[in-house]
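Working notes for the structure below.
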Amino acid sequence: MDEEVDLKNNDPILEAQQLTRRFGGLVAVNNVSFTVNKNEIFGLIGPNGAGKTTLFNLITGLVQPSGGKLLYCSKEIIKLRPHQIASQGIARTFQNIRLFGELTAIENIIVARHIHINSNVFTGVLGLPPAPKEEQNNKQKALELLNLVGLSNRATEKAHNLPYGDQRRLEIARALALEPQLLLLDEPAAGMNPNEKQNLSKFIRQITTDFDLTTILIEHHVPLVMGLCDRIAVLDFGQLIALGQPEKVRSDPAVIAAYLGVG
Amino acid sequence: MVGFFDTYGFLIVSMVIGAMLGLSLYLPLMAGQLSLASPGFYALGGYIAAILSTQVFSATQELFPVPFLLLEMLVAGVVCGILGVIVGIPALRLRGIYLAIATIAFVEILRVVSLNLEITGGAVGIFGIPQPFQTAIEYLWIAIPLLLVSMFFLYRLEKIRVGRAFAAIREDELAADAMAINPTYYKVLAFTLGAILAGMVGAISAHFLNTWNARQGTFDASIIYLTFVLIGGSRSFIGPVLGGMIFTALPEVLRAIADTAGLPTVLAQFFRDGRLIIFGLLIVIGTIFFPQGLVTPELLKERGIRSWMKR
Ligand SMILES: Nc1ncnc2c1ncn2[C@@H]1O[C@H](COP(=O)(O)OP(=O)(O)OP(=O)(O)O)[C@@H](O)[C@H]1O
Ligand SMILES: [Mg+2]
């Protein structure tokens, strides 16, 4: 893996240094180091069980590393609780959708605007300023996000009653409601047909620009990743076996071997 | 009318108290936490009121001054709130049934402590707690406003940031955490709000019942309050209010049935003493056939109550 000349201005937002996570005897993430630059769309690929989701869990604090460092905006985040990491601007979706099932679509989004409201129990219950105005604003913002993912006509539907594809879209909207700087999408295209995948690809590019995001994307569908991402990291059995621009990763012998199951 | 209140005054006030105890269990449940600690805080609140009114406030009047009672409620609420935070932080690390068991243990500990302390009157308890009112029914002057305030509080809570954080944690704690909601903070908050309410209700109850002893906060009570919520409905505050009222009245109804002439003695006995068996059966049957309780948000919506309330 040779050092590449980065086309983008080298402005790291996330840095993993020798990140490792063991589950018993299994090393799910093994000594992984990489840097994600601001406003990049960064792909994370690899065979099943390679450790991609575990890497997301490490970044969002849901899983503690066995070793290594993780810097977000040059600050160590490993010791932080998940909610603290989220409030610093890292939002995610889940591979196995984790919406608030009994809440409606719009409630799911409003919930995720938690840190953008200041009212406490007392101002909230009594409806004292700034609570009512904040609530109003919030609802407005939530409607805009629902509209963005094409779910404005399902606002009052319970999340678990939505079709699978809509649930995936709602999860993205919920993550955006946090107004993150870094967005982690775990297999957002799972279960979509080629046409939907195409649209999703466009959508991810659009939100990354419009919301000034940095996006890390786990995806099995290689053409989608190749077409969408600025750079791609390849994990195999927990190890980072390739990192670079799509053309380079595509022709990397180690990657080909991992995907063909040789070596 | 006067006759009616003389006969049923005690029951009516008990029903209002039952409704509030249901709410005190419902509060942690809003954040998905099955806590059975309410009877413990209820007992503690009662002891605070009993001790203050019999040993600290020396009221010479025939009727105990109501402002003193309000002050006792305040003290009970504050003390139970502080204890709620202290107990809640470690206890709420436990999940599901383990939390339930830990809170039952908490109730037991308080009970045993109160049995053995001098200030709580040991096994005998505290007697002759002064009366602020002439008749039982007049306790409604205190109980109804507290119930209304609690209901308003919960009605609003379900619509604001804090209530939504509770709901998110109830639905999926891990996802809520990933959405920047601090689960520990909100779980402890929900638990503490329940503790405060239970403590204040205990303070009223101590006067209302005139005596207070270690039988007030027991495991039996935990199960009964749980029935209020599980059968009444755990997804809307209307559920525990109705559940608390109905299930407080139920033993009286059963007693009336037991007194029906011509009933076999075994059956009469069962209706009179089998209260916990009947409650237990209702929990089992209820959770199977009405997993969300009788009053569900859907039901309220259907009946248009929600839209009416929204206005
Ligand atoms: N909490 C856990 N406890 C034990 N083992 C785990 C845990 N989480 C993940 N693993 C294991 O770590 C390895 C990596 O899992 P991970 O979910 O990160 O893979 P992945 O690359 O996301 O795979 P997929 O493409 O199937 O989603 C797997 O072998 C998995 O079984
Ligand atoms: Mg995965």
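Backbone N, Cα and C define each Cβ position, glycine as well.
Predicted automatically and left uncurated, TrEMBL annotations should be read as such.
Residues or ranges marked as transmembrane segment by TrEMBL: B:6-29 (among others).
What TrEMBL lists as transmembrane segment is B:41-60 (among others).
Sequence annotations record features per position, and here TrEMBL assigns transmembrane segment to B:66-89 (among others).
The transmembrane segment annotation in TrEMBL covers B:96-117 (among others).
Summarising the annotation, TrEMBL assigns transmembrane segment to B:137-155 (among others).
The transmembrane segment feature in TrEMBL is assigned to B:188-209 (among others).
The feature transmembrane segment is assigned by TrEMBL to B:221-246 (among others). Listed by sequence, the residues of this chain that lie at least six past the ends of the transmembrane segment (B:221-246) yet keep a Cβ under 8 A from its Cβ atoms are 15-26, 29, 36, 38-39, 42, 103-104, 107, 147, 151, 154-155, 158, 276, 279-280, 282-283, 286-287, 290, 292-297, 300, 305.
Annotation comment: TrEMBL describes B:277-300 (among others) as transmembrane segment.
Per-stretch counts of Cβ pairs under 8 Å to the transmembrane segment (B:188-209) identify B:41-60 as the leading one among B:6-29, B:41-60, B:96-117. Here the transmembrane segment (B:137-155) has Cβ contacts under 8 Å with residues 5, 9, 12-13, 16-17, 19-20, 23, 26-27, 66, 69-70, 73, 197, 200-201, 204, 207-208, 237, 241, 309 of the same chain, all six or more residues outside its ends. Pairs of Cβ atoms less than 8 Å apart link the transmembrane segment (B:41-60) most often to B:66-89, out of B:6-29, B:66-89, B:96-117. Long-range contacts of the transmembrane segment (B:6-29) within its own chain (CB-CB distance under 8 A, at least 6 residues past either end) are made by residues 35-36, 38, 41-42, 135-137, 139-140, 143-144, 146-147, 150-151, 154, 170, 187, 190-191, 193-195, 197-198, 201, 204-205, 208, 225-226, 228-229, 232, 234, 237, 239-245, 247-249, 252.
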